[in-house]
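Inspection log for the structure reproduced underneath, given as C-alpha cells.
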Amino acid sequence: MGKGAIKEEESEKKRKTWRWPLATLVVVFLAVAVSSRTNSNVGFFFSDRNSCSCSLQKTGKYKGMIEDCCCDYETVDNLNTEVLNPLLQDLVTTPFFRYYKVKLWCDCPFWPDDGMCRLRDCSVCECPENEFPEPFKKPFVPGLPSDDLKCQEGKPQGAVDRTIDNRAFRGWVETKNPWTHDDDTDSGEMSYVNLQLNPERYTGYTGPSARRIWDSIYSENCPKYSSGETCPEKKVLYKLISGLHSSISMHIAADYLLDESRNQWGQNIELMYDRILRHPDRVRNMYFTYLFVLRAVTKATAYLEQAEYDTGNHAEDLKTQSLIKQLLYSPKLQTACPVPFDEAKLWQGQSGPELKQQIQKQFRNISALMDCVGCEKCRLWGKLQVQGLGTALKILFSVGNQDIGDQTLQLQRNEVIALVNLLNRLSESVKMVHDMSPDVERLMEDQIAKVSAKPARLRRIWDLAVSFW
C-alpha cells in the first residue's frame, strides 16, 4: 500500500470518529427545534387572543337554516347571546326555579344498580326543610291518581310533602304526563335540591353502568334513523336525545376535574372536541333540541304568564314574574325567530296516532331509565332534563287532544322548573359551542396533525443523521 493510500485511510478513520457525535448532536438539535416549535405554537394560541387567527371566531362553520326548524344558526347564536342566555341565567337563580323536587333513590326497573361512581362530587347536597320556600310545603290541588311504579327499597331522602299551592299556582294541578315515567307522586321519598349548589359537572361516573344507560337509550328506545328516512316523526326523538346527550357532555367537559389531588377544575377541551365538536351532527342536534324546547316555552306563553311564582319572598317573586315576561315577550325573539319549530307538520296521516303512541312509549322508557343511573348527581340532572324534555313534548303534542283528556294545558310546578332549567342548560351549551368551537377545533386539529406528522419528521431526522455517516 502506497503512502497516499495510507494517508487517505487514516483521514477516513478520523472522519468516522467525529461523524457519530456530530450525527447525535444533529438529532438532538433537530428534535429540540421541532419540540420548541410545537410548544410555542400551543402557547401562542392561548396567550395571544388578538392574533389574526382569532378572526375565525366571527365566522363559524354552522350556517343556514337549522334542519327541521324555522331559524338559522346565525340568528339563533345572536339571539341566544344577546337576549335569551342572560335572561335564563338570571331566571334559574331565583328561588322559584332554584329548588327542584326529586326522588333521588329508586330501584332500577330494568336491572340491578351496580354502578356507583367513586368521587364525592357524585353526591347531592339536599336542602334542609327550613331552606326551601314555605309556599312549597302547602297542600297540593287534588288531581288524577297515579299508577306509576314505586320504589320498593329506595331510602327516603327528605320526607317532603307534595307542594302545589292552590292560591299561588292557579291551574297547576296534579296531572299525568303521557310522555314521562312520573315517579314524583310518592311524597314520602321526595327531596328538595338546590340546583345552584349541585351544578351539572364531571362526577367520575364512568364504566359499564354509564355506558349501559346510553346504550339502552340508543339501541332499544331511540335508534338512529336511516340516511334515507323521510318521515320526520322518526327523526324527532333521536335528534332530541342526541341533542340532550351532546349538551350534557358539553357541561361535563366545561367543568371537569383536571387534577383530583389538587381539586383543580377547568375545561377539558380534548373531551369537548372528542365528544361533541368533531361531530357536526351532534352540534346540529343540540341546536335542534334547543329550538324545540324554546318553541314549547313560547307556545305555553299564556299559561306561564298568568301563573304566580310564589315563594314567600315578594321582591324575588316579582323579579321572577318580570323575567318570565321578558323571556316570553322578547321583541327580538318575536321578530327574529317567532316560531322556532313547527310542530303542526307532525303526526299527520292515518298512521299518525299509532306512531305517536309508539314514540311516547319509547320516551317513557327513557324517562324510567334515569332511575338506573348509578350516580346521585347524574341521576338528579338526568331526571330534571328528561322531565323538562317530556314537558316540552307534552306542550307541543298533547294539548287539545285525547292524550291528557282536556283542551287546556295543565302543568305541575316541577314540570315548569324542569322545563326552564333545561332551556337554560341548552342555551349555555349553544353559547359555548358558538364561543369556543373555532378555537378548540383549530387547536385540536393542529395537535392531531402534529402527532400524525411525528413519524415522518423523525424519519427525516434519522435520514439526515445517517447521511453524515
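Any Cβ shown, glycine's included, is placed from N, Cα and C.
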Exercise for the section: Quick one: which of Cys372, Cys375, Cys378 does Swiss-Prot link to Cys108 by a disulfide? Expected result: Cys372
Completion exercise
Bonded to Cys378 via a disulfide in Swiss-Prot, from among Cys337, Cys375, is Cys375
Practice task
Please state how far apart, in Å and to a whole number, the two most distant Cα atoms are among Arg201, Thr203, Trp214, Ser242, His245, Arg275, Arg282, the recorded FAD-binding residues.
Solution key: 22
Practice task
Mind checking which of Cys69, Cys222, Cys231, Cys372, Cys375 has the fewest other CB atoms within 10 A of its CB? They're the disulfide-bonded residues.
Solution key: Cys231
Fill in the blank from the handout: As a whole number of Å, the Cα atom of Cys71 (disulfide bond) is distant from the Cα atom of Cys231 (disulfide bond) by 21
Fill in the blank from the handout: Here the recorded positions are Cys69, Cys108, Cys231, Asn365, Cys378, and the Cα closest to that of His245 (FAD binding site) is found at Cys378
Handout entry: Within 10 angstroms of Thr203 (FAD binding site), Cα basis - recorded positions out of Cys108, Asn365, Cys378
Key = Cys378
Problem - Other CB atoms, at most 10 A from the CB of Cys108 (disulfide bond) - result: 19
Problem - Neighbour count (Cβ, 10 Å) for Arg201 (FAD binding site) - result: 16
